[in-house]
Each structure stands twice: as structure tokens, then as C-alpha cells.
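Summarising the annotation, Swiss-Prot assigns active site, nucleophile to C390 and lists sequence analysis as the type of evidence. Look at Swiss-Prot and you will find H516, E518 tagged as active site, backed by sequence analysis. Marked as CTP binding site by Swiss-Prot on the basis of sequence analysis: S18, D153, I154, E155, K193, T194, K195, P196, T197, Q198, K229. The UTP binding site annotation in Swiss-Prot covers S18, K193, T194, K195, P196, T197, Q198, K229. Per Swiss-Prot, ATP binding site is recorded for S19, L20, G21, K22, G23, I24, D76, and the stated evidence type is sequence analysis. Annotation source Swiss-Prot lists L-glutamine binding site at Y59, G363, L391, G392, M393, Q394, E414, R471. The Mg(2+) binding site feature in Swiss-Prot is assigned to D76, E146; the stated evidence is sequence analysis. Feature annotation from Swiss-Prot assigns domain 'Glutamine amidotransferase type-1' to 299-543; the stated evidence is sequence analysis. Sequence annotations record features per position, and here Swiss-Prot assigns region 'Amidoligase domain' to 1-272.
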Amino acid sequence: MARPKNVKHIFVTGGVISSLGKGILSASLGMLLKSRGLKVAIQKYDPYINVDPGTMSPYQHGEVYVTDDGAETDLDLGHYERFLDESTTQSSNLTMGRVYKSVIDKERRGEYLGATVQVVPHVIDEIKDRMAEQAKNGDLDVLITEIGGTIGDIESLPFLEAMRQMKLEMGDSNLLNIHLTFVPYIKAASELKTKPTQHSVKMLLGVGIQPDILVCRSEKPLSREIKNKVGHFCNVNELDVIGLNDCDTIYEVPLMLLKEKLDLRVLKKLGLKKYKEPTLDYWRDFCNKVKFPQDGEVTIGICGKYTEYPDAYKSIIESFIHAGASNNVKVNVKLLRAEDAELNAFDFAKELEGINGILVAPGFGDRGIEGKIKYIQYAREHNVPFLGICLGMQCASIEFARNVCGLQDANSTEFNKRTRFPVIDLMAHQKKVKEKGGTMRLGSYPCIISEGSKAYAVYHKFLINERHRHRYEFNNAYRKNFEESGMVFSGTSPNGELVEIIELKNHRWFVAVQFHPELKSRVQKVHPVFHGFVAAAKEYAHGVHQMDLVVEMPSLVPVLTEPTQ
């Protein structure tokens, strides 16, 4: 019997303040290790008590990232997929709520044999068991675990205790901690201050963990003197104090960490000797295209309900960066608050001045719906490139029904259960569902595309797989009416029952999709829908008026390939 592979573990923690970029750090390190020939996986441990973020407000949590297997997860998993070009799964995101639920379920089944169930050992052992199971997946060399929250938060203590025990059991050469901290720059003193980092490390020491590597976020580069000071007071080798100053784009972070030799320090500490030199020319080319676009810029308006919190649209915004690079343009994003468009005095021409394309974003509930519909009407009537995603497709259907098909009171039963013309209705298998968490149509599903459509022009294939997160769907009772009025149903489920893509033939670019293309766009594989949309916006900005744009996929950033099911 073959001996199990000795998987190396890297835990990434954060201190001083939140939002330092632990997810970007984890994804960047994973990408560097993968480029050296190692098999790497990343997971996120979130300390909140929710089982998953699926029922959390976007204002509190940001975007819910959906995996191929239907998990509703943290948005950091999007960074992992975009940087590593590897798909995550249900097991890639563990919440404290899921841990507690599992422990309580086991207690109810009598699996603890009458013991008093406690955080130590039962909750901690549950975390360690989950970690051991994840390490068995995929013949891994390295498993990176990002622990959410900030050192000092009471919620994350069980995760830290599990890490402490694992390090003791596995040894320093099999598990290391990378601690991300903040070194503020005080303008009045013209100095970088290390004291917050020192205190953060002391808090980590207070739970029994000595960090192996410190990554210090800062506004300005760290001098050798500062690195030496941090290392001296935090009991870390100066070579293991890594500077990470602000940069123009998050996609430069791997290149900065490579320059700081973070990956080499990790390899040495974990005793990993068989590796190759990384080839990152494609990554440098991508960053150059992002920073120095050759064909100017375009501006896309994102009409949504959560525009005060851009993280609610994180993957959409990142997808525009990818599509901008593939089209050699910079994509500026303007967030458009849907509710504002419902005001009688709202001036669309003024609000959309300089806008080269309109995207109506996903969401739930009736707030701002009429504003979204008005933006869609403007895009349709003024031949402005338009893309609707999920709820955006449903709103596009409502707008078309009202203003083209003559169904004046058309609506979705989500917003008006008594509407005379329910062009959007609850899916049949959803009508008896009572619980909200994890019960939508979630994950990757196949879609058949019609030849000769705009969708086929960007995908160049008949069968695609895309990720979904919805309960409502187009009502097929109205399909004939729509088709007679000029709507093209260019993508459906294989049995033809579920509408996945709609588009207008006599429009520059009017495409709406029920799925979430933003969840599958990556640095090396720009999503075809976003590439095509930005290409249309680019032509619109340049004053080209042909109706059927020829969209060529780029050579630098290849088209999304068929995923493995």
C-alpha cells in the first residue's frame, strides 16, 4: 500500500485591521507555488456562526461566490479561482456555524458516548478532522488555509487553537503561519510605524502561535532598517519579513511577492526542494495590458441595488478588468443606484453621459426593480450595449413584455404575486420549498446555444456550462409572444425548458443571461460574455455603428474552456 502523501500546510492570518488582503495574499502565494510545479489548493475558514453566507446581506458580507458544485461561499474563493485557475468546491469554505452544526448533530446521534461536549476537544477536533479530509483531496503538495477575521476576535479562537495543535503535532517543517499585518505611514512624522505589528504578533503569541513569516502591508516600501526592526521585536528572521506596499492593481501582488522571495522562504521552511523556476511572462503581459491599455478606455455603468458597497459586485468588477485586458482597453466602472432612476425628475441622458455600456446586476427583492427596468428600456431604445445577469435578465424580460409585447402589467411573481402577466415565475421544483438557506438552483448547469446568435458568436460552441443562483425563471407560456415581437431565446437548458440566454437581433449588443458568467472569468481565461460586451462597448465608444459586431477572442487571454463536471 502506498504511503499517504505528506501535505504541507500554510495558515494565513491577519492582524491590526481588517481588509488588508489575506485573500489576495493567499491566492498570490498559491499561484507562485503552482507556477513552480507544486499541486496547491486553498480554502477559507470563516469565524461567523452562519452555516454559509447564502442568506447574509450583501451590505455585510459582499458577494456570495457560487462554486460548480453549488456551494454558496465567501468572495475570497473568487480570488483563489481567478489567480490559480483552479475550481474550488463546497469543502473549500468552512464556517464556524457549519462546525458547530456538525458537532451538535453528532451529539444528537449519540456519537460522543455521553461525554460533555465542549469546544476543547470536540469543536477543535471537528476542525482538525475537516482539515485532514481536505488534505486528502487531489494529491496535494500544499494546502493553504486563510483564517477570516483579525487576531483578537473572539470568534476565530477555535480555528487558531486548531492551528496551534496541528503545528505541535505535525512539526515546523510541515506547517507554517504567515501573518499579514499593517505598517502605517504617518505623514506628519514621515515615518512607517511598526508598533501595531508588534502588538499584533504579541496577541498571536498569546494564543500560543509564533508566526513564521510576516507580510507587512504598507503605503510605502519597507526599508531594510524597518524589516530588521520588525524581525527583532517579533522574533522573526529579517529574511522572513516581507514587504507588500500599495500597487496599481491586485494582479501585481504575485510579482511583488516573487521579488520579495516569499515563495522561496516558504519552500525552504517547508523543506520542499523539488520545484522549477516560475514562468510568469503571461502574468506580466496581463498586468501591462491592465496598466497600459493601447486602445483607450470605456465606461460601463453597473445598475444595482447595493452600489454603496462595491464588494457586492466583486466578481463583476474583476471580470471587467479581464475583459478590458483582452480588448486592450481600460474599463472604468460607474455604479448606478437603481432606486434613483425611479424618481420623476431623473435625467437618464445626464446620468449616462460618457457611459458606453449598461450592465444590470443580480439581486433579490423588489427594491429598485422599476429603476432597473427603466435603465434597460433606455439601453434598448438608444442602442446602448446592454448585459443583464440573473435578475438583470428577468428585468429585461419584464421590460420587453411591457414596452414591446404590450403586456402593460407584466411582472415577476417575486415582486407581484397577483400580476396578470407573470413573465417571470417561481421554478416548479421551488414552489414547495420553505427554507431559504441552500435551496436555490445552485451550481453549474449545461446550456445549449443557438447557432447564428450573439451568444454563439462569443462562445463558438453549442454546449456550455455556467453557474447559477436563482429561484425564478422565464415563464415559457410567453415565449411565443416574445419571439413574435423580436426576442431571441439563444440559450436554453438541454431539454429546452429553462431559458438561459435572451438577446435582441436588431440591436448592437442586447444580451441577458440567467446564469452568472462573472463567476468563471479568470486572468488566463476571460469570460466570453464579458469579452463580447466590452468589445461592443469599445466599438460604441469609438462611434462604430454596425449592428452585428465581429467579436474575436484574444490570443493573450484564451477563451474559457469547457469545465470538467
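Quick reminder: no glycine exception, Cβ is built from N, Cα and C everywhere.
Annotated pair Q394 (L-glutamine binding site) and G21 (ATP binding site), C-alpha to C-alpha distance, rounded: 34 Å.
DSSP assigns L20 (ATP binding site) to coil in the three-state reduction, placing it in neither a helix nor a strand. Residues Y59, G363, L391, G392, M393, Q394, E414, R471 are recorded as binding L-glutamine; their most distant pair of Cα atoms lies 23 Å apart. You'll find the Cα of K22 (ATP binding site) roughly 17 Å from the Cα of P196 (UTP binding site). If you compare Cα positions, L391 (L-glutamine binding site) sits closest to I24 out of the binding-site residues I24, E146, K229. Classification of I154 (CTP binding site) by DSSP places it within a helix. Neighbour density around each Cβ, counted as other Cβ atoms within 10 Å, peaks among the binding-site residues S19, Q394 at Q394. Cα of K195 (CTP binding site) to Cα of Y59 (L-glutamine binding site): a distance of 32 Å. G23 (ATP binding site): 24 other CB atoms within 10 A of its CB, across all protein chains. Comparing C-alpha positions, I154 (CTP binding site) sits nearest to E146 among the recorded positions D76, E146, T194, E518. Between the candidate binding-site residues, K193, K195, K229, the densest Cβ environment within 10 Å is the one around K229. Sorting the binding-site residues T197, Q198 by the number of other Cβ atoms within 10 Å puts T197 first. On the backbone, the CA of S19 (ATP binding site) and the CA of E146 (Mg(2+) binding site) stand 13 Å apart. Sequence-distant contacts of E414 (L-glutamine binding site), defined by Cβ-Cβ distance under 8 angstroms and a gap of at least six in the same chain, are F364, G365, D366, I424, L426, R471, Y472. Looking only at the binding-site residues S18, T194, the densest Cβ neighbourhood within 10 Å occurs at T194.
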